[in-house]
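Pulled from TrEMBL, these are the features on record:
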type   : residues : note
REPEAT : 70-122   : repeat 'RCC1'
REPEAT : 123-162  : repeat 'RCC1'
REPEAT : 160-212  : repeat 'RCC1'
REPEAT : 213-264  : repeat 'RCC1'
REPEAT : 265-315  : repeat 'RCC1'
DOMAIN : 383-450  : domain 'BTB'
Amino acid sequence: MAALSELGSEAVKVGSKLSLRLPDLMTRHQTDLSRWPIFSILPEDLLNSIKKVCVFGSSGNEAIFVTASDDVYAFGSNCSSCLGLGDTHSSFEPRKIEILCKKGITDIAFGSGPHVLAVTADGDVYSWGHNGYCQLGNGSSNQGIQPMSVSQYMSGRHVLKIYAWGQNNCGQVGTGTTANQPTPRKITAVIGARNVISVSCGQTSSVALLDNGEVYGWGYNGNGQLGLGNNVNQPNPCRVHALQGIIVSQIVCGYAHTLALSDEGVLYSWGANSYGQLGTGNKANLISPCKVCTSDERFIEIAATHYSHVSAAMTQTGKVMMWGQCRGQSITSPLMTRFTSTDDVFATFSAPPVTWRTYCIDQVKGTRVAESIAQSFDDQDTSDLRFLIESQEIYVHKAILKIRCEHFRSMFQSFWNEDEKDCIEISQYPFTVYKAFLQYLYTDTVDLKPEEAIGLLDLANAYCEVQLKHKCEQIICQGISVDNVAMLYAAAIKFEAKGLEEFCFRFALNHLTAVTQTEAFSKLDGCVTKEFIRKAAMSGAFKY
């Protein structure tokens, strides 16, 4: 992942995944890209081929995107040659960045320099754009008009550790000095060889998250954005001790504020608050983390960008909230929206309308066929088959079931009795679970509570529906607690849900003492318990 500060310092970490990261589906959405105004001018065929997007610029008027065929395009105003096209020409006609095509670009990030970084699947880093503060990391201060590899200045290593470079007037590079750093330099002070899984940068500050849930900050601290209980700048990483005992799973930085999300879904904020971006109900700055309370719902995702004073978050039920400077208005407490992703908040209410992360797309909404199929679910007038579960009926269409599911394709063969029936009775699964499964075949979405998704995971495993299993894992992860994690861990093993199994294991490891005292843990099968203890020992849980 690449995170950039406004004035040029860079902090890059690519490699190991977040130990308590929700399944990757959480970072992918279906949306209408025209929420970002710049995309409203693209032809439909090109729009439909887009898989990854990065929107940046002082007016949100520059964009880089990656297509399904792994081609990389750029278009817009081209300030400081940030489009990476080898010239200074602005254009609304997308052009290929040839040097990045077929390189497997996994992440794109931007700074207010303005400048851009891109990371490939192989761990190579490219930079281009403004370079007055050495923010490109190529050993010079000359502007870069096209992408240039930074990896050569790291002895050709793939990016797996933290490196930093660029302007360092406030110690934001984290090297212990305030001298600008023209090439990547590994950060070793305080953090040492410990594994950092995420880095985020504000205007002139940086925050890192370790794999054990600890948070460290360095750089400018005039607004308390480092969360250290003071306003003193820090040239070396300093631990945020106020979060002691809290396992943080995600961190993000705004222009001068920071948000942190715990593995139990609790949101914390600190730093500048002139526009209410901390969500605390007032505009007072905070020099230490403060819990953001909205309701009994847990949060599963937080969002911010150094380009604005906007904050956003998503709850476990998919509700998206926003606060801060939204289209010129100051919102001091989280406000419920009708958006389906945090990305939409920044496309619509942030000024400028930029992306807060590399935005990954599954499919562009709006096809009439998809809408019509979704609306035909449980429609008695058009159906040719009904399921009877717990004395309740669900009306479906054989053709759609056969197209969407191999299980039904096999069931409705001419030599099986089911092909002749107009009603099939189901006794193995509850009504809510089977209805959710059938509705998924029509809509590609699942609307179940975490505790109900266990049954659907069982069904998805039995019917060999891999994508549905991933969706169930995502939902179940949102409901994990100390009391139920042992039970969910056993269920994940039973249903061969590897992602959920690993998530449960990491959660249990982070709360080991409390988990081992729960009733659910005492009821674990002996073999499961032994394997858990073995894995926990290998992860260092019992070292002194």
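Placed from the backbone N, Cα and C atoms, the Cβ positions cover glycine too.
These numbers come from a predicted model, not from an experiment.
For the domain 'BTB' (383-450), DSSP puts the residue distribution at 30 helix, 13 strand, 25 coil. Within the repeat 'RCC1' (265-315), the DSSP-based counts of helix, strand and coil residues read 0 helix, 24 strand, 27 coil. With helix defined as DSSP H, G or I and strand as E or B, the repeat 'RCC1' (70-122) counts 6 helix, 24 strand, 23 coil.
According to DSSP, the secondary structure content of the repeat 'RCC1' (213-264) in residues is 3 helix, 23 strand, 26 coil. Note on the repeat 'RCC1' (213-264): its mean pLDDT in the predicted model is 96. Secondary structure of the repeat 'RCC1' (123-162) per DSSP (helix as H, G, I; strand as E, B; remaining residues coil): 4 helix, 11 strand, 25 coil.
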